[in-house]
Ligand code: GDP
Ligand code: IMO
Ligand code: MG
């Protein structure tokens, strides 16, 4: 099993890369998260954003799996499938998509609770995507949730109605304006009926059987290392395991089966939502990168915060994931800048130096190295030998600093805009 992971705060370009390389695999499997993800893919000049559906879905010969470590909102899933079919009428996701029976449901009141907590001053505001992700995972941990396989049980409706009614009461007592309980219940059960046309199975058995038959699996991460529930910038994180080990637990596959671990990183940093961001740019250049890089959330449309590449954070992400190859995206966005900064380390208050930082220290000073900028027409670049000398030097610098090779350089949002480097 090979794994694709985000190494920063999400939106590094995982979807685009997976769409491209999944054709080399038999199976593409999402292992964490839910509809909080937004993986944008450009095909034939058209653009689509996938939230829950694995990015291998366009390859009809690739079997796609929504794994056990995910949380699935059937209402959002139904919309996504309908949207996908509009995008490409030839696709038949009922045939090449399988869902884990052990994945957990996101119920409609979880989304309402997410909004309630984000807007209520009694709670820390995280800046979530309001998809009910934390509520689904916390109910899972509390062992109060329903799983996909439960939808076949005779008491499913009753169990869900009980949870909805209980949450609804808490929210209305909290003073939240709510849609009618009847309407959310109806919408949910209607979407569950839609979900039943998909194959729902013990995906652990399916995946391990496939491996024993010599088939290949590409695991697709959503979110990224710095948003990981354990290793990210807590509490401003998501609620799932976004790392390589999360791929193993989320899919039920042994760590012994891992091959390549592709880590995706932008040539700069972005972040949506709240939380520390030491290299953030607040000036015109930050705005320019946002505009040129189209840095607006694929999922919520929120403007992404922008800043320089952060090596201490990236070293940490490479370390905890055991990344074997870096896939660098969006260097084209920085094209035309005279010089480009990279944070090489932090200086702490007591003068100590931090070069590998998962817990980014609040008042640490990022220290930057300035490198020569590059300029090129990336829209026509077909060969790495045509890369400008300054960008080649930038890549060598990253390889030396991170101790891993740059395997691919993405040169634009389009499917074909990628260079294999090694
Ligand atoms: P994901 O969540 O990691 O899949 O990333 P998103 O799709 O949320 O955000 C990445 C954005 O950058 C999308 O709009 C992609 O189309 C776009 N993109 C990906 N790679 C590149 C690249 O190398 N250059 C440019 N300019 N855009 C890219
Ligand atoms: P992809 O897979 C970027 C962020 C939210 C918020 C925090 C918690 O497209 O890279 P949540 O809704 O998960 O409870 O929000 O995590 N976040 C993402 N940021 N890309 C994502 O996914 C994200 N998924 C969640 O903005 O700060
Ligand atoms: Mg995204």
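Quick reminder: no glycine exception, Cβ is built from N, Cα and C everywhere.
As annotated by TrEMBL, GTP binding site applies to 10-16, 38-40, 304, 330-332, 410-412. Counting every protein chain shown, the Cβ of residue 331 (GTP binding site) has 23 other Cβ atoms within 10 Å.
The annotation Mg(2+) binding site is assigned in TrEMBL to 11, 38. In the structure as shown, the Cβ atom of residue 38 (Mg(2+) binding site) sits within 10 Å of 19 other Cβ atoms. Classification of residue 38 (Mg(2+) binding site) by DSSP places it in coil, neither helical nor stranded.
Taken from TrEMBL, the feature IMP binding site applies to 11, 12, 13, 14, 36, 37, 38, 39, 129, 143, 223, 238, 302. In three-state terms derived from DSSP, residue 223 (IMP binding site) belongs to neither a helical nor a strand segment and is classed as coil. Taking a C-beta cut-off of under 8 angstroms and a sequence separation of 6 or more, residue 223 (IMP binding site) has the following same-chain neighbours: 6, 10, 32, 33, 36, 37, 238, 240, 242.
A coil conformation is recorded for residue 11 (Mg(2+) binding site) in the three-state DSSP classification, outside any helix or strand. In the structure as shown, the Cβ atom of residue 11 (Mg(2+) binding site) sits within 10 Å of 28 other Cβ atoms. The active site, proton acceptor feature in TrEMBL is assigned to 11.
The feature active site, proton donor is assigned by TrEMBL to 39. The 10 Å shell around the Cβ of residue 39 (active site, proton donor) contains 27 further Cβ atoms across the protein chains shown.
Under the heading substrate binding site, TrEMBL lists 298, 299, 300, 301, 302, 303, 304. Listed in sequence order, the residues of the same chain lying 6 or more apart from residue 303 (substrate binding site) and placing their CB within less than 8 Å of its CB are 272, 290, 295, 296, 297. Residue 303 (substrate binding site) carries a strand DSSP state (E or B).
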Alpha-carbon spacing, residue 129 (IMP binding site) to residue 331 (GTP binding site), which is rounded to whole Å: 27
Densest Cβ neighbourhood among 16, 302 (binding-site residues), 10 Å radius: 16
Binding-site residues (40, 300, 411), the one with most neighbouring Cβ atoms at 10 Å: 411
Residue 299 (substrate binding site): tally of other CB atoms within 10 A of its CB: 19
Binding-site residues near residue 39 (active site, proton donor), in sequence order, restricted to 11, 302, 304, 331, 411 and a 10 Å Cα cut-off: 11
40, 298, 302 screened against residue 11 (Mg(2+) binding site), Cα within 10 Å - retained binding-site residues: 40, 298
Annotated recorded positions 39, 298, 304, filtered by Cβ under 6 Å to ligand 1: 39, 298
